[in-house]
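Written out below as structure tokens is the structure these notes cover.
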């Protein structure tokens, strides 16, 4: 069977995209329908391309059903902020929106260096998007079957190199935006334009866009805070004398899978070789187009680039990319892939400016009793002269602070609970997805439960005498993998309320996946397993050996070398 006729029956989503008039669908009519807080089933898929998902409060679902009311629908909107960089003025706008147009009264930092709002009513969607637009922010392509928010190392210590890496992240984000005018027409009030053929409106995507979401990241070694190997396309910066000369390109990563379906699996990206900086767009576009043309449009669970590469083979995929790019890969350059954590506290850059990284538990920016975090960041934004950076670990950097401004910034941070609390190495490296009560896919808690769970793990580390050592722990409410749990030394993936699958064995640096160790277990069982494993680790580990590497070397779990073959075995 040839590539051209592989797909015999298109998925429903493919028909929706084809018939949507370039992502317009019935969204505008749905906005004007006051009898329900929801959109139609088809438009619920299309609104993702505009940056938001329809949700409901699952804590109230049964109560409202008994009252014969429809679910309490609301929307989660995710902004597009390439590399996580925004100005203080923009942040003040982001902050005001959260308190005036959402019911959550909070801002949620994501694992892809942007922010999202929860609890938006349908009637407030247009006003919210227009408010973002006034601050030069938008949500187009933050979700949907397109290139999503592009990540970039946010720790600006090597300022020149970071600036060059950020340039490419921003360029990739801008160039691969959908070209349809639907977003501007529906949300910003632009005049409707007559549409033409797909290639004219969407010269890269066409009228059916990509088969599935596509994620890009730019890493600046030795930092791997962006988890570059978990992306569809990863660019690992290669520098000479502090100047960017090109990238080691990796492709085919992705975290999502489905419980009980062994044909789905997480996967880390393959190394394809070195590319010169000036060839970056040639290769990026070639990979996007190969995925557009070769990707599975019949079964969405098999539609990510990782499955395309597995299906067609590494060599065939590489050859096709080189053919379309008109350039061949060079042998990859030697780089060191290191820590995935953030540098907390003050760090001085080579330009003599200071950068303050603030730990944000669960990425949730909200005023809490004794910790008015949101107010604190608002006050900092009022006086800060540099910029802000959101990290892929759900934290917040006050970047580019002059020496004379440090004291005032730190005073505000401490007075509002943003500094001063001891953060263990493990907690500082651990992340969780939102999960309940808003995510429709969640099978178990994550964000609301994770801090207390971490406290119990920290107690076990203290008990066994290695509390000063960091372990990468991640929790998600389902196997879609938003918090990249399959790349964690300890991964917890929701299976049912209060129950999780326990995965072990990923590398500390994010260069090896973990593997299922125990299935569908509750907290007491999880902690019991970790208690025993920590005891073994302390007594049997080799010098400098990380916990993830120990669990593989000691035979607790097998190493995942080829996810398609051995993740589920």
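Including glycine, each Cβ sits where the backbone N, Cα and C put it.
Noted in Swiss-Prot for the protein shown:
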BINDING   433, 439, 478, 482  [4Fe-4S] cluster binding site
BINDING   482  siroheme binding site
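Taking a C-beta cut-off of under 8 Å and a sequence gap of six or more, residue 439 ([4Fe-4S] cluster binding site) has these contacts in its own chain: 55, 433, 477, 478. Applying an 8 A CB threshold to same-chain residues 6+ apart, the list for residue 482 ([4Fe-4S] cluster binding site) reads 111, 255, 433, 434, 476. Residue density at residue 478 ([4Fe-4S] cluster binding site): 23 other Cβ atoms are found within 10 A of its Cβ, drawing on all protein chains shown. Listed in sequence order, the residues 434, 435, 441, 442, 446, 476, 477, 480, 481, 483 complete the 8 Å Cβ shell around the [4Fe-4S] cluster site centroid, once 433, 439, 478, 482 themselves are left out. A simple way to gauge crowding: the CB of residue 433 ([4Fe-4S] cluster binding site) has 27 other CB atoms within 10 angstroms, across all the protein chains here. For the recorded site, residue 439 ([4Fe-4S] cluster binding site), the DSSP three-state label reads coil.
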